[in-house]
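Below is one structure; the comments refer to it alone.
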Amino acid sequence: MKLVLASNNRGKLAELQAMLVPLGVELVRQADLGVGEAEEPFHTFVENALAKARFAAQHTGLPALADDAGLCVQAFGGQPGVQTAYYATQFGYEKGDDTNVQALLEQMAGIDDRRAAMVSTLVAVRSPQDPEPLIAVGRVSGEIARERRGSNGFGFDPVMFLPEFGKTFAELPVDVKNAHSHRGRAAQQMLALMRERWF
């Protein structure tokens, strides 16, 4: 089965493709099908993921899978949340993983409460009008490290410290990260939902 990924993020594609191998699903980025990014005007991960999935399905004619994920920092009242990808831009930086990490480390410099969570919401639709979208949410709690550590992964992986491992996501082997990450947890739920309802 071919499924369009409602994202142009190569990191998400690689992670999700590896996680969906058991279903024999081929994930294709929407950009590879000539589809641009959907607008994300909402304040919650689930609303944005649903909008992206419906947009991708509408423009490709394929079932679609969307991921809306972000970092929720306790000291910032849960922000940046759905604005995670653009976090650095509010501090005068260009949009990007490296600048997001830099801006976060600067903003957290004098803060002792380092608690944070990474959240991933996956939504899958069979068609743009699917009345019963599949929704899976994965969440991992940790702390923001005081400096970058590790070279695996992307996004905030180098500063998302997981006390149970004593490492950041970026320090973990890929298979361990995928099994324990927010996206990995959401993907496991999504696998179960797809098996139950679609296959």
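Count begins at 1; order follows the chain as displayed.
From the backbone N, Cα and C atoms, a Cβ is placed for every residue, glycine too.
Remember, TrEMBL labels are computer predictions, not curated facts.
These numbers come from a predicted model, not from an experiment.
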> If TrEMBL says SER7, ASN8, ASN9, ARG10, GLY11, LYS12, PHE154, GLY155, PHE156, ASP157, LYS177, HIS182, ARG183 bind substrate, which of ALA64, ALA69, ALA75 does it name for the same site?
Replying inline: ALA69
> At the level of the C-alpha atoms, what whole-angstrom distance separates SER7 (substrate binding site) and GLU39 (Mg(2+) binding site)?
Replying inline: 11
> Ranked by the number of other Cβ atoms within 10 Å of their own Cβ, which of the binding-site residues GLY11, GLY155 ranks first?
Replying inline: GLY155
> Tell me which residues of the chain lie with their Cβ under 8 angstroms from that of GLU39 (Mg(2+) binding site), as long as they are six or more apart in sequence?
Replying inline: ALA51
> Quick one: Cα separation, HIS182 (substrate binding site) versus ASP68 (Mg(2+) binding site), in Å?
Replying inline: 11
